[in-house]
Amino acid sequence: ADIVMTQTPASVSEPVGGTVTIKCQTSQSIDDYLSWYQQKPGQPPKGLIYRASTLASGVPSRFRGSGSGTDFTLTISDLECADAATYYCQSTYGVGFGGGTEVVVKG
């Protein structure tokens with residue numbers, strides 16, 4: 001059966017310097033085969049984290065991924081205006097993306 005990715009919340013608004021937590025739940029265990037992506041309007045998705053917790057090259061440590069099995073979390077600390085974007089989780093089994101979380105940063 002296809003793995004269903006459930007991502008929450010759909011949107012979140014926090015001030016500059018704040019912290020955002022995004023959760024992704026899968027309908028069956030995917031071990032740590034989960035990636036997180038950031039997408040800004042008119043741009044392709046940018047990979048942030050792979051294997052649940054490993055930062056992609058050049059991604060600041062303000063971004064942190066955790067979890068395994070069916071429950072995963074992306075935490076963005078010390079929010080900057082440039083972090084305003086939509087964030088997606090994806091199983092690296094290639095079964096599609098979560099529904100996305102729009103992050104609004106209040107400056």
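Using N, Cα and C of the backbone, Cβ positions are placed for all residues, glycine too.
Taken from Swiss-Prot, the feature region 'Framework-1' applies to 1-24. With a threshold of 8 Å between CB atoms, the same-chain residues lying at least 6 positions outside the region 'Framework-1' (1-24) that come near it are 30, 34, 36, 67, 71-81, 83, 87-91, 93, 95-107.
Here the region 'Complementarity-determining-1' (25-35) has Cβ contacts under 8 Å with residues 1, 3-8, 47-53, 65, 67-72, 89-93 of the same chain, all six or more residues outside its ends. The region 'Complementarity-determining-1' annotation in Swiss-Prot covers 25-35.
Annotation comment: Swiss-Prot describes 36-50 as region 'Framework-2'. Counting same-chain residues at least six beyond the ends of the region 'Framework-2' (36-50), those with a Cβ under 8 angstroms from any Cβ of the stretch are 22, 24, 56, 59, 63, 65, 74, 83-90, 92, 97, 100.
What Swiss-Prot records for 51-57 is region 'Complementarity-determining-2'. Among residues of the same chain six or more beyond the region 'Complementarity-determining-2' (51-57), those with a C-beta under 8 A of the stretch's C-beta atoms are 32-35, 63-68, 72, 92.
Summarising the annotation, Swiss-Prot assigns region 'Framework-3' to 58-89. Under DSSP, residues within the region 'Framework-3' (58-89) fall into helix, strand and coil as 3 helix, 17 strand, 12 coil.
According to Swiss-Prot, the feature region 'Complementarity-determining-3' maps to 90-96.
For 97-106, the entry in Swiss-Prot reads region 'Framework-4'. Within its own chain, the region 'Framework-4' (97-106) has Cβ neighbours under 8 Å at 5-16, 18, 20, 22, 24, 37, 39, 76, 79-81, 83-90, counting only residues six or more beyond its boundaries.
Long-range Cβ contacts of the region 'Framework-3' (58-89) within its own chain (Cβ-Cβ under 8 Å, at least 6 residues beyond either end) map to 5, 7, 14-32, 34-40, 45, 48-49, 52, 97-98, 100-105, 107. Confidence over the region 'Complementarity-determining-2' (51-57), given as mean pLDDT on the 0 to 100 scale, stands at 98. In terms of DSSP secondary structure, the region 'Framework-2' (36-50) contains 0 helix, 9 strand, 6 coil.
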